[in-house]
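As recorded in TrEMBL:
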type     : residues                                    : note
BINDING  : 249-256, 274-278, 296-299, 362-365, 386-388 : GTP binding site
BINDING  : S256, T276                                  : Mg(2+) binding site
COMPBIAS : 96-117                                      : compositional bias 'Acidic residues'
COMPBIAS : 188-198                                     : compositional bias 'Basic and acidic residues'
DOMAIN   : 243-408                                     : domain 'Hflx-type G'
REGION   : 71-122                                      : region 'Disordered'
REGION   : 188-209                                     : region 'Disordered'
Amino acid sequence: MPSSSSFPPAVLVGVQLPGVSDIEHAADLAELGRLVHTLGYEVVATVSQRRESVAAGTVLGTGKLQELARLTGGSGNVPTGAPSRKSKARERWEAGEEELSEEAAEEEAEEEPEEGEGMVPPTVTPRVVVVDHELSPSQLSNLERATGAQVLDRTGVIVDIFHRHARSREARMQVEIARLNYLAPRMRESTGSRERQQGRGSGDSAMELDRRKIRDRLAELREGLAAIQQDQEQRRYARRDQLRVALVGYTNAGKSSLMRAMTGSEVLVADQLFATLDTTVRALQPETRPRILVSDTVGFIQKLPHDLVASFRSTLDEALEASLLLYVVDASDPTWEAQLEVTRSVLREIGAENVPSRLLFNKADRLSPEAREALLQQHPEAIVLSAHSPEDVAALRLKVMEFFEGSMTEAELVIPYARQGRIGEVYENARVLSEEFDEHGRKLKIRALPAAIAKLTHAFGK
Ligand SMILES: Nc1nc2c(ncn2[C@@H]2O[C@H](COP(=O)(O)OP(=O)(O)OP(=O)(O)O)[C@@H](O)[C@H]2O)c(=O)[nH]1
Ligand SMILES: [Mg+2]
C-alpha cells in the first residue's frame, strides 16, 4: 500500500437536495469518497451545498463555485447568468431551519451562499474534482473551466473502477459496452474541442473514435458477448440439477470473504468497492452429498448506472438460477438498511425476487452484543455471523444443507456392473443412503433433487 501522499489529491462536490436528510447526504458523500479512494485518489476536501436543484450550468451556485475554485486554484469564472437575490425562506432552509416551500423556491433562480460550512482548507491543491451527480457535457466543461481541474462524475468513477477491476474476457467486454454507452451521448453534444472530457482513464481511447466507430464496436462487442453467454448458458444448463446457492449483496458486504470461507477458494477479498466483477462457482466445503455449489457475484451500489446493471445481467443470471439466495449485509455499516433496499430493488429488477432467500448479517464481530440482539429481534429469521469466524461459517453450512434437504426426494437406482466406472457421478449428485449387490448390479437407495434423480435414472436405468 503506497503512503497516502502518493495518491493524487481530489475534492468531492455534492448538492444536498430537498428531501435528502443530513445523514443520507453525509453517507452519500462518504460512499463517493470510498469510490474515489478505490480509484486511487486521496480525498482532501469536500464542498457541499444545500440547493433546491443541481444548478443547470455549474452544479453549484456561483459563490460555492468560487469557493471550490479557490481550493483548486482555478479562476472561478463560468458563463452563467448574473446571480439574483436570495429569498429569506431560502436562507432559512439553507441554514437547516425549515423546509423550503415551492413558492419560496420559485422566488429566485439562483442563490449564492457564502459560508464555508466549517470546511478545513486542504494543505495540497486538489487536481481532480469529483461530483456526486451525473453531469451533462456542458456542466462538466463549465466546471473544468472554472476549477482548472479535471472533473469526474459519480457514474464516470464507477465505470472507471469497473474498467480497472474487470478481469475475465466477459467482464472486460461488458465494461467496454458500458463505457461506450456512457461516453457516446457526451461525445455527441461536445464539438470535440475539449480534451480529457471524461477524465483520467475513462475515455482516452474512446474519444478518438467517432460515433460510427462506437456503434460498430458496440455491435461487435455485443456479438462477442452473446457467444460467450451462450457458452455460459450451456454450462448453467448442465448445472441445473445441482444444488446452488448464490451470495448477493451490496459492494464490500463480505460476499467474497464468505465465498472463501465456505468453499476454501482463493477468490479476491479486498477492502475496495467492486473488487469482484466476475461470478465464481465453487463447491461448498467440506463437500456435501450431493454437493452444493456456491456462487460469488458482483456487488450492488446505489445510483448504479443503468447501463452497468444491464451489462452485468448475465453475471446476475447466475443468481437468478440459484435455488437459494444469501443476501449478505454489512451489519456494521450504519447505512445497511438502505444498502439492503438497493440489493432488493436490483434483484427485483432482474426478476429474482421470488427466489427463496436468507438474510445474512455479516461482520457481526464488529457489533456489540446489544446490537446483535437488536438485529435478531428485528429479523428473527436472519443469520448473524462473521465471515472471519470458522464456527459461524460451519453453522451457515449446516443451515444451507438444511434448506436443501427439504427439496430432495428419495429413489432407487441400479447400476449395472458394466457401468461401475461411473459410480462417482452418483456420489457427486446424490446422497447414497444404502447399497446392496445382486445379480443385476449395485442397488442404491439415494436422496437427491428430483432433476438429479431424473438424470441419474436416465444415465443408469432403473
Ligand atoms: N470485520 C470483518 N470484516 C469483514 C468480514 N467479512 C468481510 N470483511 C472485510 O470486508 C472487506 C470486503 O470484503 P469482500 O469479501 O471483498 O466483500 P465483497 O462483498 O466481496 O465486495 P465486492 O466484491 O467489492 O462487492 C474486506 O476488507 C474483508 O476483509 C467480517 O465478517 N468481519
Ligand atoms: Mg467480492
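Glycine is treated like the rest: Cβ placed from N, Cα and C.
TrEMBL annotations: computationally assigned, not manually curated.
Everything TrEMBL records as a feature, shown here on the structure.
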residue	record	contacts (Cβ under 8 Å, 6+ apart)
G249	GTP binding site	K255, G299, F300, Y327, V328, V329, Q339, L340, T343, L360
N252	GTP binding site	R34, D271, Q272, L273, A275, G299, D330
S256	Mg(2+) binding site	V267, L268, V269, A275, T276, D296
D278	GTP binding site	R167, S168, E170, A171, V298, T315
K363	GTP binding site	G254, D330, A331, S332, D333, S386, A387
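Highest local Cβ density among the binding-site residues T276, S386 belongs to T276, counted as other Cβ atoms within 10 Å over all protein chains shown.
In this structure, G249 (GTP binding site) is part of a beta strand by DSSP. Least crowded of the binding-site residues (K255, A275, V298), judged by neighbouring Cβ atoms within 10 Å of its own Cβ: A275. In this structure, K255, S256, A275, T276 are the binding-site residues from N252, K255, S256, A275, T276, K363 whose C-beta falls under 6 Å of some atom of ligand 2. Per-residue pLDDT, averaged across the domain 'Hflx-type G' (243-408), gives 91.
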